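Inspection log for the structure reproduced underneath, given as structure tokens.
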Amino acid sequence: MVLPVQSIQLNQYGITDPVSNEGPTNNDIKASRELLNLLKSYNLYETDEGKKRREDILESLNRLLQQFVRRQAKINRGLTDQEASQVSGKLLTFGSYRLGIVAPDSDIDVLCLCPRSVTRESFFSDFYNTLTKVEGISKLQPVPDAYTPVIKLYFYEISIDILFANLDAPTVSPHINVLDDNILRNMNDSTVRSINGCRVASYILDSVPNKNYFRTTLRFIKLWASRRKIYSTVVGYLGGVAWAILTARVCQLYPNCAPNQLIEKFFRVFSVWQWECPVTLCKIKEPPNIPGLMSFKVWDPRVNPQDRHHLMPIITPAFPSMNSTHNVTATTKKVITEELMRALEIFKTPNLSNLELWEKVLEEQDVFSNYKHFLVIEVYGSTEHAHGKWEGWIGSRMRFLISRLENLGNTHIRPIPGFFKFEDDNWDYASSAFFAFKVISGVAENSKTLDIRSAVQSFKDIINNWSDMEKYRDQISFNIKHLKNNQLPDYVLSNKSKKRSINEISEESNRL
């Protein structure tokens, strides 16, 4: 792929003028070609075969959706077959697929946009039952009580999250404009959260001057965040939406820069960002004085007291604007800031080639070697379904454990994203989450124990208050323990990612 020199754009993108309208040099274009090959070496680009498989899956889901919508129209509206054939829904993508940054291991986020005759209850019953009979679908898990209700599944080994929203209309036009705020009229909060995934992705793409440059830059930033272990909303880091908004904002500030330049600008901008000022891609819309829209709550620390406590506000561009980083704590903000500063310092290193700089920035954070103490949460289940529900509940409460650990005051905490699967003799399904500790003061480094009992007990009380506890009590269990680094299990120490050498990448770049 050859990156052409782009024509200089002088338009304003975002809420401020650009910092610079300077464009790339020929050396920048060459460096960005090297960057593309670096990203490809990390297997960040879906193959043509993989793209075709994803398109086929979406076509299959769309057929199932139309059949479901027409079936519900006949049931709930008493329509004939011919009348029902004129009723339709619409399948919309969002997330990495909509943004155009699909990797072979990416999931697909989709929204089933339905007419008023389709209810959320029928989506989680009728449509779910239909999915259970489809060849190629496995690991089907409905989560109707989630903050954003979802059906999770694998379709020919590709992970898919399916959300639901219904409009106050008899049918959904194939040409519907989801960016029109009026479609939100009279929707409840859960439905708005579902549909806003699509709206946010579209707004982000529309807000950047060069979509291809944005995509290349975002691939690098997401890879960096993943390898430095700061990619996770669950434990208080940033998720995909937040990283995309930050990247888009840098693209707005430097609208003519090439990806190799934008990456460095990213770390220069956000390593010194004053977080009292939120990151926004556009002006935050106030609720209009229109019935069905005026009651929506938007992020506004002047009006909403809880918004004043947000530590790294990164605001979604679609109405009603929300903070995509409400889970960030003092601990995770400190970790993220340190990682941004680390990357910037590497970019200041003299006498390194572009590839050497990028590889050093992307060097994987080895948390298990760099810390001496770990808090381990082990999650057990007798069935895949029970374990998945239980793990999801515990994960959703992690932020409360972090806040209680922060109150100890004598440790530096580093939550480690994700759950690690492992084999257990007594349970069919087992996984664990880790929190790393570094003692600052008050406890000797060679101490065998840390006084975290009150924080752990408080977290246990929260976990045991699960609304589904009685239903699954005999199918689940969990355990929390403290380990030193010489006691860590093999299954976390062997979890190393693979990468190719700089020389291999450089040789490919020279052939372009």
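Cβ atoms here come from the backbone N, Cα and C positions, even for glycine.
According to TrEMBL, the domain 'Poly(A) polymerase nucleotidyltransferase' annotation covers 14-208.
Non-local neighbourhood of Asp109 (Mg(2+) 2 binding site): Thr93, Phe94, Gly95, Ser96, Tyr97, Arg98, Ile160, Asp161, Leu163, Gly197, each in the same chain, at least six residues away, with C-beta under 8 Å from its C-beta. Feature annotation from TrEMBL assigns ATP binding site to Phe94, Gly95, Ser96, Asp107, Ile108, Asp109, Asp161, Lys222, Tyr231, Gly240, Val241.
Here TrEMBL flags Asp107, Asp109, Asp161 as Mg(2+) 2 binding site. When Cβ atoms from all protein chains are considered, those within 10 Å of Asp107 (Mg(2+) 2 binding site) total 16, not counting its own. In the three-state DSSP scheme, Asp107 (Mg(2+) 2 binding site) is classed as coil.
Positions annotated as Mg(2+) 1 binding site by TrEMBL: Asp107, Asp109.
Here the domain 'Poly(A) polymerase central' (214-363) has, by DSSP, the following mix of helix, strand and coil residues: 71 helix, 6 strand, 73 coil. Per TrEMBL, the feature domain 'Poly(A) polymerase central' maps to 214-363.
Broken down by DSSP into helix, strand and coil, the domain 'Poly(A) polymerase RNA-binding' (368-412) contains 25 helix, 11 strand, 9 coil. What TrEMBL records for 368-412 (among others) is domain 'Poly(A) polymerase RNA-binding'.
Taken from TrEMBL, the feature domain 'Poly(A) polymerase RNA-binding' applies to 437-499 (among others).
Across the structure, Tyr231 (ATP binding site) and Asp107 (Mg(2+) 2 binding site) are spaced 15 Å apart at their Cα atoms. Compute the center of the Cβ atoms of Asp107, Asp109, Asp161, which mark the site for Mg(2+) 2; besides them, the chain residues with Cβ within 8 Å of that center are Gly95, Tyr97, Ile108, Val110, Ser159, Ile160, Ile162. By neighbour count, meaning other C-beta atoms within 10 Å, the densest spot among the binding-site residues Phe94, Tyr231 is Phe94.
The two recorded residues, Asp107 (Mg(2+) 2 binding site) and Val241 (ATP binding site), show a Cα separation of 14 Å. For Val241 (ATP binding site), the same-chain residues that are 6 or more apart in sequence and have a Cβ closer than 8 Å to its Cβ are Val200, Thr316, Ser324. The DSSP secondary structure for Asp161 (ATP binding site) is strand.
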